[in-house]
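So that you can see what the record holds, here are the features copied from TrEMBL:
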type: DOMAIN; residues: 2-117; note: domain 'Cupin type-1'
type: BINDING; residues: N13, H18, E23; note: oxalate binding site
type: BINDING; residues: H16, H18, E23, H64; note: Mn(2+) binding site
Amino acid sequence: MVRIDYAPNGGLNPPHTHPRASEILVVLEGTLHVGFVTLNPDNRLISKVLYSGDVFVFPVGLIHFQYNIGNTYAVAFAGLSSENPEVITIANAVFGSNPSINADIAKAFNLDRKMVKNLQSEF
């Protein structure tokens, strides 16, 4: 289990995945917009606004996020179905790899080469 504190007005647990675990999230305080994206080819966003006491499940391996849409702090507890769930934060993996992924490959995000290089330099 983990406690997650989200800053007001946009505190974010960015898009990430747990390759070896599903996740259950319980909101204790605040308001979170949460969601996950289904597998190819649908890539359907399943999302919901959660309030104190609400629960949401993120299936194993799917990209998901949590975003504080409230103007106060939000607090949640998450439980994972594995003692070693691993985490892959999507932006870090794509733009922060070492060595860097060739910018021509990272252009799959519909960004020009200059923007890809700029993002890579941020990591």
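For all residues, glycine too, the Cβ spot is worked out from N, Cα and C.
Overlay of TrEMBL annotations on the structure.
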residue : record               : Cβ contacts under 8 Å, 6 or more apart
N13     : oxalate binding site : I4, Y6, F65, Q66, Y67
H16     : Mn(2+) binding site  : I63, H64, F65, V87, I88, T89, I90
H18     : oxalate binding site : F58, V60, G61, L80, S82, P85, E86, V87, I88
E23     : oxalate binding site : V57, F58, H64, A78, G79, L80, S81, P85
Over all shown protein chains, what is the count of other CB atoms within 10 A of the CB belonging to H64 (Mn(2+) binding site)? 23
Environment of N13, H18, E23, the listed oxalate site - residues of the same chain whose CB lies within 8 A of the CB centroid: H16, T17, A21, L25, F58, H64, A78, L80, P85, V87
Other than H16, H18, E23, H64, the chain contributes near Mn(2+) (Cβ within 8 Å of their centroid) the residues T17, A21, F36, F58, L62, I63, P85, V87
